[in-house]
Amino acid sequence: MTERQKVIAIDGPSASGKGTVASRVAAALGFDYLDSGALYRLTALFAQKKCVEWSDGAAVAALAESLPARFDGQQVFLDGEDVSAQIRTEAIGMGASAVAQVPEVRQALLQRQRDFLTDKGLVADGRDIGSVIFPNAAVKIFLTASAQVRAERRAKQIGLPCEGVAFDRILADIKARDEADRRRAVAPLVQLPDAHLLDTTQLSIEESVKKVLDWYSKV
Ligand code: DC
């Protein structure tokens, strides 16, 4: 049997709270944390800054290959510039979803993601962590919540009310991105047969973190 890697793989749809849960689990265990979505967001932003269309797969893949990215705690740098806020906009989220559909872009970011694993251990979140990046992860989790609850969490995060036109837009964007991530031909978002389902619709962050730590303590 292939040896299990010291990795907790957390996959799930956008705005499900993966990042919050994953980074807290990493802190609790003294593991490193990889936000793989940030790499796709950085690629989309880099393309925008270089005036390369997101639909130009070959050109975007070339940019992904040489992505001048650096992570420092919660901060993300592109070419030395702090772009932590810029990569979190809905527009760049849609761009990330678009460039993530290009196989060459995914290939360009594959080894970079694997390189985050050291002896310390790693908690990584994304869409294909358990299926493609770390198929031998010690624990795999499919973390999700209803689209309504995810939209409410996103609205609160950016200080918007959970009703009205702006809220409806957030909900529609989340649903559109879910569709794109699930239907794409390459590395689609799926719950693997060997992944634990963690539905956080009714769970607090603390309860979600505890569940992950419990699963990890049992391997
Ligand atoms: O998790 P996120 O919202 O930051 O991800 C942004 C986009 O990147 C999302 O639409 C899908 C894509 N993505 C991916 O295809 N594979 C990953 N491992 C992580 C993100």
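Including glycine, each Cβ sits where the backbone N, Cα and C put it.
Whatever TrEMBL says is automated annotation, not expert-curated.
As recorded in TrEMBL:
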BINDING   Gly12, Pro13, Ser14, Ala15, Ser16, Gly17, Lys18, Gly19, Thr20  ATP binding site
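Locations of recorded TrEMBL features on the structure.
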{"residue": "Gly12", "record": "ATP binding site", "CB count, 10 Å": "28"}
{"residue": "Ser14", "record": "ATP binding site", "CB count, 10 Å": "22"}
{"residue": "Ser16", "record": "ATP binding site", "CB count, 10 Å": "28"}
{"residue": "Lys18", "record": "ATP binding site", "CB count, 10 Å": "30"}
{"residue": "Thr20", "record": "ATP binding site", "CB count, 10 Å": "15"}
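A Cβ within 8 Å of the Cβ centre of Gly12, Pro13, Ser14, Ala15, Ser16, Gly17, Lys18, Gly19, Thr20, the residues given for ATP, is found for these other residues of the same chain: Val21, Asp125, Leu143, Thr144, Ala145, Arg150. Close contacts with ligand 1, defined as a Cβ under 6 Å from any of its atoms, occur at none of the binding-site residues Gly12, Ser16, Thr20.
The secondary structure of Gly12 (ATP binding site), as reduced to three states from DSSP, is coil rather than helix or strand.
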